[in-house]
Amino acid sequence: MSFFLISYPRIVLPSIVDSMWWLAGLALLVVLIDHRQISLRRPPLAMAVFLAFCLTSLAWSLNPSATATSVLLYAWIALLALTVTSNTDSNTLARGIRWGGLLTACSAVKPFVTTLTETGATVASTPLLGVHGNRNIVSYTLLLALCAGLTYRPSGRLRRIRWATAVCVILAVLLLARSATGYLATIAVLAVWGGLTISARMTPRRAARSRIAVASATTGTAILAALNIERISEFMGRTSSLSGRLPLWRAIIEASGDAAIRGDGWGAVWAYAWRPAPPNEMKQLIDELTGFPLSHGHNAVLDLLPQVGLIGVGICVLIVLRALVVVLIPTTRDAAGTVAWIGTTITALLVMGATEPMFTVPLGWFLLVACATRAEEVGGIRHRSARISEVSSRGRTGSTQDRFHTDYGIEVGQARNTASPPVKRGPFRVE
């Protein structure tokens, strides 16, 4: 349910504030039912630095009030993502996202079928808008749910049947959305998922080589697609300007010249549907250069540029790179599902980010923080496992083992278990 609410179903909940209140209520309900204290891991450093820089942009923002509101909104979403990942294992998280994707798919198909029945229109001429009001939003929401569905590990025949059915339904509705970028992103996600699944069965050296090969192939394909974007658009029956995005991107780069380093303030430029900024000089200049108004930058990087400049873009890139490092370095088989989810989700965010502001849409930001948190966890466990191996190689003397366990607070079996550690009962604390 949280996945569905944070995807901003604006037809049902026009205000993002209403969605956030619903999420707060659900979180409180879970705490009351579960009867346990909530623990929080340390937030990823790059994410904390990014939010701190956004807060600092109050000093030069075009609209300090809009910046303060946006910082509070994204800090709340980051806190929610951090809380969820700190108190659930990867398989449970993937299952929850999968159910959220199914809810999104069902809510999109019902009005779609109703329109076909009442008007007699064809499938090709009927847009799949759903409760999000836009087929591109439906597409990237279902794609991110597909990443979790693919990497979920069911146990038992009945659960495998439910898993396969859910993945097929999500994939079918995703294809019905008929988003060109969604098609390319789906292919990339399936390729990365297949590569990571196969490499998990290999030796560490071969796994590292295969993952680098998959990453290189995916990056190369993305570069070729970007260089031939006009031909691809014409082949898929779209305008060569990508529905006006190319002129917009040129206008953003030109307009950001004077504020390219630090931007004009987080949340103070774009008229996002979930949190529109008041009219401002930067947005007006971009609209004049483009020739027509658009609500946001339609690109993950260029959407950030006029708001937080190259500094903010660089920090956001560091968040992504930290997660990708965990994906490229082989780990234990127990962590294969977590690594696959991080890899496929980051791939979906990057490919869909070619035409959508995936780092600023609420769902994209939520999953970026969740991936970064999971990456820190996997990296920490890998480091502790390496230290255990180093100590064990010196000989199993009681004093050495006891000192190691005292310093690091873990057992050998716990270090090999890459799932989130069980929530400790006791006072609220940051782990």
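Counting begins at 1 with the first residue displayed.
Note: Cβ is positioned from N, Cα and C throughout, glycine not excepted.
Over in TrEMBL, the protein carries these features:
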type	residues	note
TRANSMEM	12-33	transmembrane segment
TRANSMEM	45-62	transmembrane segment
TRANSMEM	68-85	transmembrane segment
TRANSMEM	161-177	transmembrane segment
TRANSMEM	183-200	transmembrane segment
TRANSMEM	212-229	transmembrane segment
TRANSMEM	304-328	transmembrane segment
TRANSMEM	335-352	transmembrane segment
Interface check, the transmembrane segment (12-33) with the transmembrane segment (68-85), three or more C-beta pairs under 8 A: yes
Contacting positions for the transmembrane segment (335-352) when only residues 6+ beyond its ends and CB under 8 Å are counted: 90-91, 93-94, 139-140, 143-144, 146-148, 150-153, 181-182, 184-185, 188-189, 192-193, 196-197, 200, 218, 222, 300, 320, 323-324, 326-327, 358-359, 364, 367-368, 371, 374-375, 377-378, 381-382, 418-419
Residue numbers, six or more beyond the limits of the transmembrane segment (304-328), whose CB comes under 8 Å of its CB atoms: 44, 46-47, 49-50, 53-54, 57, 196, 208, 211-212, 215, 252-253, 255-256, 259-270, 282, 286, 297, 339, 342-343, 346, 349-350, 357, 359-360, 368, 371-372, 374-376, 378-379
Intrachain neighbours beyond the transmembrane segment (45-62), with Cβ under 8 angstroms and 6 or more residues off its ends: 68, 70-71, 74-75, 78, 262-269, 277, 280-282, 307-308, 311-312, 315-316, 318-319, 322, 368-369, 372
